[in-house]
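Feature annotations, reproduced from TrEMBL:
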| type | residues | note |
| --- | --- | --- |
| TRANSMEM | 12-36 | transmembrane segment |
| TRANSMEM | 42-61 | transmembrane segment |
| TRANSMEM | 73-92 | transmembrane segment |
| TRANSMEM | 98-116 | transmembrane segment |
| TRANSMEM | 137-160 | transmembrane segment |
| TRANSMEM | 166-186 | transmembrane segment |
| TRANSMEM | 221-243 | transmembrane segment |
| TRANSMEM | 255-276 | transmembrane segment |
| TRANSMEM | 283-301 | transmembrane segment |
| TRANSMEM | 307-329 | transmembrane segment |
| TRANSMEM | 341-362 | transmembrane segment |
| TRANSMEM | 374-394 | transmembrane segment |
Amino acid sequence: MNAGTRVRSGLIISVLSLNAFLITSCRFGVSLYLLIHVDLSHAALNAVSVALMTCVAAPLGGIIADKYPPTRLFIALTFCFALLCTGYGFALVAQHNLIAITVTLLGIIFGFFTAFSSPNQKVLMAYSAPTGEKTKFLASMRMWINLSRLAAPAITGIFVDICNPLIFFTSIAIVMILAALPLLLVNLNQQTQNSANNTKTGSNKTAGFAASLHYMKSTPWLIVLGVVSALQSGSWLAAFRLMGAHHCLTLFHSASTWGSIVSIFNIGMIVGSLLCKYIVLHYEILYSILLPGFLSIPLLIFALNNWIALFLCSAFIAGIIFDATIVYGQTALLDGIPTHILGATTTFTSIMEQCGIIVGYASVLAWGNLNSSLFIMIAAGVILISTGIALWIIQTRKQTYPSMLTKDYWTPSTWVKRSI
């Protein structure tokens with residue numbers, strides 16, 4: 001990696017890390033304000049709105065991510081998120097009778113922007129990652145992002161207890177805009193040239209959804225990964241982010257306590273990043289599916305105890321598993337998809353995942369204030385069963401490719417080589 005590439009990569013990592021801190025603070029703050037000052041159904045309604053619109057707008061987000069310079073798009077999206085944060089501040093401080101409609105509309109807008117942001121950040125990562133070192137690079141990037149997120153829940157919990165929401169969200173918006181401006185220093189011409197070169201390499205198919213669908217048909221693991229990720233993500237996020245928060249707030253009656261638990265979860269994610277950086281496991285496809293299955297263990301601990309020390313321990317373990325899942329999942333996608341159709345192809349996997357998240361959050365909305373422990377245990381069961389079925393399906397599909405060795409079958413880059 002030359003000096004210019006190193007500087008550009010470092011700048012992108014810094015901006016993405018600070019952005020992650022601010023987005024985490026915003027989303028966590030919205031959930032806590034709604035859970036404490038309104039109710040669980042409104043928090044679930046906001047989450048469903050975000051996930052639903054993210055799913056609907058994902059195809060357009062993938063097209064835009066492949067078409068426009070990623071740094072300019074990132075800056076534009078940052079301004080949009082900043083305006084949205086300010087909108088949340090005004091809505092939550094007003095506490096009017098139309099809060100349900102307002103929260104839903106803001107959630108829809110947030111989901112729309114997220115649909116553009118997710119593929120855009122994947123493209124930024126693809127430009128930054130050195131060839132042949134993607135797992136280590138992504139683990140390093142995840143470590144810095146997790147470090148930036150570390151204190152966000154605890155700090156947000158404190159501010160939710162003592163601070164006016166308008167002041168809190170407006171402050172986030174201002175810092176968010178300032179943090180994105182350094183990306184103007186990134187060499188956009190070099191990015192455009194890289195994009196052009198990527199389009200010329202590999203197959204001669206036109207980049208877009210047609211090429212993406214054609215590629216996915218020849219890579220069965222990609223479809224299975226998308227479906228199982230939907231079930232795993234939907235179950236985990238519904239059980240931890242919403243029902244887990246409700247369960248904890250019911251037991252301990254403190255936003256700062258839940259914020260501390262989530263911060264411990266983020267510490268676990270940092271440990272997960274370090275483990276992935278220094279203990280590189282091969283067969284990324286296998287581990288991107290297998291690792292999320294272990295999230296069922298901390299969920300069961302959450303559901304079956306009321307001792308805060310066990311909450312903290314299970315959150316730490318979950319953080320390690322969760323981040324390792326992301327590292328290997330992103331490595332599988334970045335290594336296993338031709339770069340010129342990366343945005344469009346990951347759109348399909350994002351849509352699948354968002355559908356699962358929608359179902360998960362909608363389940364919380366339908367469940368209401370019934371037994372939260374039972375809901376969390378059911379979610380753990382869904383994660384465990386879906387993981388086992390996914391591994392069985394991919395293994396049985398292996399006989400369709402008798403020429404591929406085991407190491408090739410579970411290694412994403414070999415599938416790209418087969419498509420050239």
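Each residue's number is its place along the chain shown, starting with 1.
From the backbone N, Cα and C atoms, a Cβ is placed for every residue, glycine too.
Remember, TrEMBL labels are computer predictions, not curated facts.
Counting Cβ pairs under 8 Å that are 6 or more residues apart, the transmembrane segment (221-243) and the transmembrane segment (98-116) reach fewer than 3 and are not in contact.
With a cut-off of 8 Å between Cβ atoms, the residues of this chain six or more beyond the transmembrane segment (12-36) that come close are 42-43, 46-47, 74, 78, 81, 85, 88, 92, 103, 121, 124-125, 127-128, 140-141, 144-145, 147-149, 151-153, 155-157, 159-160, 165, 168-169, 172, 175-176, 179-180, 182-183, 186, 241-242, 245-246, 249, 255, 258-259, 262. Taking pairs at least six residues apart, the transmembrane segment (166-186) and the transmembrane segment (42-61) share fewer than three Cβ pairs below 8 Å and do not count as touching. By the Cβ criterion (distance under 8 Å, sequence gap of 6 or more), the transmembrane segment (42-61) is not counted as touching the transmembrane segment (255-276), fewer than 3 such pairs being found.
In this chain, the transmembrane segment (283-301) lies in contact with the transmembrane segment (374-394); the count of Cβ pairs under 8 Å, excluding pairs fewer than 6 apart in sequence, is at least 3. Long-range contacts of the transmembrane segment (341-362) within its own chain (CB-CB distance under 8 A, at least 6 residues past either end) are made by residues 44, 47-48, 51-52, 54-55, 58-59, 61-66, 115, 118-120, 122-123, 126, 205, 207-209, 211-213, 215-216, 222, 225-227, 229-239, 242, 333-334, 379.
If you count C-beta pairs under 8 angstroms between the transmembrane segment (255-276) and each of 73-92, 137-160, 283-301, the highest count goes to 137-160.
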